[in-house]
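First up is the structure itself, then whatever we jot down about it.
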Amino acid sequence: MAAAPPAAVSEPTAARQKLLALLGQVQTYVFQLELLRRCDPQIGLGKLAQLKLNALQVRVLRRHLRPGLEAQAAAFLTPLSVTLELLLEYAWREGERLLGHLETFATTGDVSAFFTETMGLARPCPYHQQIRLQTYGGDVRMELCFLHDVENFLKQLNYCHLITPPSGATAALERVREFMVAAVGSGLIVPPELSDPSHPCAVCFEELCVTANQGATIARRLADRICNHVTQQAQVRLDANELRRYLPHAAGLSDAARARALCVLDQALARTAAGGGARAGPPPADSSSVREEADALLEAHDVFQATTPGLYAISELRFWLASGDRARHSTMDAFADNLNALAQRELQQETAAVAVELALFGRRAEHFDRAFGGHLAALDMVDALIIGGQATSPDDQIEALIRACYDHHLTTPLLRRLVSPEQCDEEALRRVLARLGAGGATGGAEEEEPRAAAEEGGRRRGAGTPASEDGERGPEPGAQGPESWGDIATRAAADVRERRRLYADRLTKRSLASLGRCVREQRGELEKMLRVSVHGEVLPATFAAVANGFAARARFCALTAGAGTVIDNRAAPGVFDAHRFMRASLLRHQVDPALLPSITHRFFELVNGPLFDHSTHSFAQPPNTALYYSVENVGLLPHLKEELARFIMGAGGSGADWAVSEFQKFYCFDGVSGITPTQRAAWRYIRELIIATTLFASVYRCGELELRRPDCSRPTSEGLYRYPPGVYLTYNSDCPLVAIVESGPDGCIGPRSVVVYDRDVFSILYSVLQHLAPRLAGGGSDAPP
């Protein structure tokens, strides 16, 4: 039986696969550029021909793809297309700039000047971009310095979309794109100076909204949030034997050269290991000699010999010490010893690398970290930790920092005794051995001292007979005879010491728990700061969503201008009479209170921006949820949120207060300045449009008149846009209202389409009524717009 043929891959899927493959190749090239900027320029000169070929390929690829990417930017962006465009632009700029610096180095031979130019040490910080956003309420200026600045600006632009013309948004987004070319286009690795994980993103907020809050406010939870979406952590583990493992398989080397390099590497590693062992020195012999002496006494005893109290005390203390040895492998012991050990590891790695370079190439390569080694050595500890090293991973640094924190706090004797109780046992064992060595283990009162020492060690473990630190006991309950004042004072002093010890133990346990909790909280921030961060998909996805919203508005106006019949009421004669007639007929009626919830949701839908589109998902949420995400992510003040929530309910369609626009001045913001007053004016205009269309449908019995947004239509696989009949709010002050009263059979705007332009709510409703009247009078079955 013949196998079934493989299923055909759709054209969009095939195109997406090709773009992903191309994106991987460009990312590889960008990563090579970043390495060559930091490597010995002699290495780049040896590969100059291949680098020029790669630069030419990137130039051809950019020239070939740029028209298609620009066309897609005007149609519908995706995070993939945005990322590919950013990488191509960065690869084209930096590749040719690196070639120029290599050619300059071939002439001058100045290594320091080469790194100064390639690393931008003499240039100002490139991550500063001035943004100017033109709105109906005035211009807004701000500066982009961090990745979260980009995300915040895009969220603010999304919230202000209804008072921003497409031309102003396009100019601002172009400046944002320039910043993202330098920030996101530089490959996968995020420069540390760009990322600030203490600023939560929109995804952080959405995650907190769907998880249990346990009584905490969203602002409090966001303050403790460490963002892992704009940039994501990449765990890096370095193997100390990588050079030894991969050197035998290095290409382009002769067998003799590889063998010579391996021999030199083994010798270098052996010398560094021997030097490290000599510097480390033998462990202190104090505690080990005590244990050896105790073990010798215990080994000399057997069951045929009598067990003295002193020997039994030694055995009991040795038991507690053995238990402590088994418990030593705690979390702290898994950390690196200290930062000096990491520095020693870096030195060993550098020594081995230099030895191999000398054996293979006869010279020491002048990489960036070697050419500027003096400057790097002058950095303080914080900067050195952020820069990192070649032989130590960020996780090793984090563990060393935590261990140093514990070591600093555990210098307190009480905490040290709580964490290492075996120290008490060793001290007690040392005292018992000293007394036995002095010949005092034969009986009498001296026999109580070893037993008291053993009981003290057991009590420190939470076991043993409760006794005072001096081994003294109070009178037994059945004892006869009067108790002297001296005995009472002695017992009271013992009780005070015991209570003091118990209080100190409880206090140290609580302090140690607080220390552990603090370390756990701070570890998350250390991991985000020191670990290697890679770019997430939040910024490309956010940029694409916001840009698509404004591109849809411009595209809608361009498509409707090419309709078969265009009726422009903005300058037509006789429109004022239509305005007066429709206004007077609608103001005599009120909106049915039962319709207020539905028109409130319609208001939220028109006010919301293009970024948060939860109402269009497969598992759609109501429009108020998407608007909630929009206003909360920009930090809208509570009184404005309350005003926005009750904007429709406050008017209710009663009286004439909801009709705020003058003739042919709908969505006009003349005389209004400031973002908040302009936003409030736009809300009033949108409320007027919603109430007017609701009353129009109920008064003239023409069915529901759909209010739509220009970005409600997405391109089909054939690149077509379908706009159903209805009244569209374009948010453009020059032509805010467009009514599509007829469209083609496929739903696209074409020769059979009838479009009405207007700047007045009542006159455009009159035009819609004129178009519907013949069909309604003749009992036509066409659905109303």
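Including glycine, each Cβ sits where the backbone N, Cα and C put it.
Annotated by Swiss-Prot as zinc finger, the relevant range among 201-229, 665-693 is 201-229. Between the listed binding-site residues, namely Ala697, Val699, Cys702, the fewest other CB atoms within 10 angstroms of a CB are found at Val699.
Most other Cβ atoms within 10 A: among the binding-site residues Phe696, Tyr700, that distinction falls to Phe696. Tertiary proximity for the zinc finger (201-229) is limited to same-chain residues at least six positions away from its ends with a CB under 8 Å from its CB atoms, namely 148, 151, 155, 524-525, 528, 536, 538, 542, 611-612, 629, 632-633. Around the Cβ of Arg701 (ATP binding site), the number of neighbouring Cβ atoms within 10 Å comes to 7.
Within 10 Å of the C-beta atom of Ser698 (ATP binding site) sit 17 other C-beta atoms, taking all shown protein chains into account. With DSSP states grouped into helix (H, G, I), strand (E, B) and coil, the zinc finger (201-229) comes out at 14 helix, 0 strand, 15 coil.
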